[in-house]
Amino acid sequence: MSPQTETKASVGFKAGVKDYKLNYYTPDYVTKDTDILAAFRVTPQPGVPPEEAGAAVAAESSTGTWTTVWTDGLTSLDRYKGRCYHIEPVAGEDNQYICYVAYPLDLFEEGSVTNMFTSIVGNVFGFKALRALRLEDLRIPTSYVKTFQGPPHGIQVERDKLNKYGRPLLGCTIKPKLGLSAKNYGRAVYECLRGGLDFTKDDENVNSQPFMRWRDRFLFCAEALFKAQAETGEIKGHYLNATAGTCEEMMKRAVFARELGVPIVMHDYLTGGFTANTTLAHYCRDNGLLLHIHRAMHAVIDRQKNHGIHFRVLAKALRMSGGDHIHAGTVVGKLEGEREITLGFVDLLRDDFIEKDRSRGIYFTQDWVSLPGVLPVASGGIHVWHMPALTEIFGDDSVLQFGGGTLGHPWGNAPGAVANRVALEACVQARNEGRDLAREGNEIIRAACKWSPELAAACEVWKEIKFEFEAMDTL
């Protein structure tokens, strides 16, 4: 190497390792309206200061790497780097901190949840300086929201398509989830829809197995729902699961569903992936299909309190990627969900503008501008005695989904559906009359039993069934 070359290499570049906090911890930074803001729950390794840990998260999820590189001089790191701008200790926890990070919008591809997550959570969670890391919330700026189509149709358009107003929608997951032939599966669908449900549903792992190939299932389910529609005079739907091993196969199934004339298809958005989900959502918008989303695999990501991604972030990501329904817990059933936290992300799914409210786990004010809303689906271990609480907790813009709570009725599927519909109508009427569902719920259900033998039988079967475990998802 010539002396001249050595001189040039030494100007403006000093090799070596620097503390992250020197460049990426900026407590004086004033966030911009266009920044994506993240709240991380950080547990540093012993001996690592919280400022260094927060700065490391900002660096490793944006422009930083473990050492200084000479190509840093070829761009403006101040323009593109993430910045840890605020740190606060977590009340009641040792060595846990909420670190707030701001990311410039130019770091992200427009309309791509895949790219957003690859940047923010793709690599940093394995960082050795951190004992644990959890993404608690994101603030998506309106300028980025507007690059997404979002849900194919949204709440109001769905109600107009179904011609159903003023109450929650009722659904049922067909059980057993695996093992039925396509014809017997279709028979169960017909009985549930004829009995008064609005929807029936493929379970998340019903795809195209040897005992029931997807095309056969689609045909028998379409026949069932059209027959139920003709008999009841109500529009019916069955969530036909289009999830597949490839995007091409997924789209083939969605196209076939559209050709059958059914109103709705389904996708497992986490196991299927955000790229596949967004592709399907765009197709559904263009072709008049509603899109039901199952969150299979979510608890692997969001169950631990100090590591992973909170479901409110996954819910926001789904609203951006696209879906008209998504499972959101029940508060009262067999699956995880603390009331205030659940209602926090339910509002993030449905409402246009949500204020910051730390008591419900909402770290940032979120403005969705014109992005359509998503119906939350309450499903998992619920039955007729839960109907007053579910109606009171979730309100009209929701789907209440009873699998075993329909199919487990002692008289069969159709009476099980009748029992759920009667219970729902009784609760909605009582609420509209000004009665307190939380206090008078059992009385309302017992009164309805007097004129519905199907409901009376259901109440007798499930009167002792409770799932009383402490929720792990707490503040």
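Every residue gets a Cβ built from N, Cα and C, even glycine.
If you look up Swiss-Prot, you'll see Lys175 (among others) marked as active site, proton acceptor. Taking the Cβ of Lys175 (active site, proton acceptor) as reference, residues of its chain lying under 8 Å away and at least six apart in sequence are, in sequence order, Asp203, Gly403, Gly404, Leu407. Look at Lys175 (active site, proton acceptor): DSSP puts it in coil.
If you look up Swiss-Prot, you'll see His294 (among others) marked as active site, proton acceptor, on the strength of sequence analysis. Summarising the environment of His294 (active site, proton acceptor), the number of other Cβ atoms within 10 Å of its Cβ, over all protein chains shown, is 28. Under the DSSP three-state reduction, His294 (active site, proton acceptor) is assigned to strand.
For Asn123, Thr173, Lys177, Arg295, His327, Ser379, the entry in Swiss-Prot reads substrate binding site, with the evidence type sequence analysis. Around the Cβ of Ser379 (substrate binding site), 25 further Cβ atoms fall within 10 Å across all displayed protein chains.
The feature Mg(2+) binding site is assigned by Swiss-Prot to Lys201, Asp203, Glu204, with sequence analysis given as support. Counting every protein chain shown, the number of other Cβ atoms lying within 10 Å of the Cβ of Glu204 (Mg(2+) binding site) is 20.
Summarising the annotation, Swiss-Prot assigns N-acetylproline to Pro3.
Feature annotation from Swiss-Prot assigns N6,N6,N6-trimethyllysine to Lys14; the stated evidence is sequence analysis.
Mapped onto three states, the DSSP output places Lys201 (Mg(2+) binding site) in strand. According to Swiss-Prot, the feature N6-carboxylysine maps to Lys201, an assignment based on sequence analysis.
The feature site 'Transition state stabilizer' is assigned by Swiss-Prot to Lys334, with sequence analysis given as support.
Cα of Glu204 (Mg(2+) binding site) to Cα of His327 (substrate binding site): a span of 11 Å. Of all the binding-site residues listed here (Lys177, His327), it is Lys177 whose C-beta has the fewest other C-beta atoms within 10 angstroms.
Apart from Lys201, Asp203, Glu204, the residues listed for Mg(2+), the same chain places the Cβ atoms of Thr173, Ile174, Lys177, Asp202, Asn205, Val206, Tyr239, Asn241, Met266, His294 within 8 Å of the centroid of those Cβ atoms.
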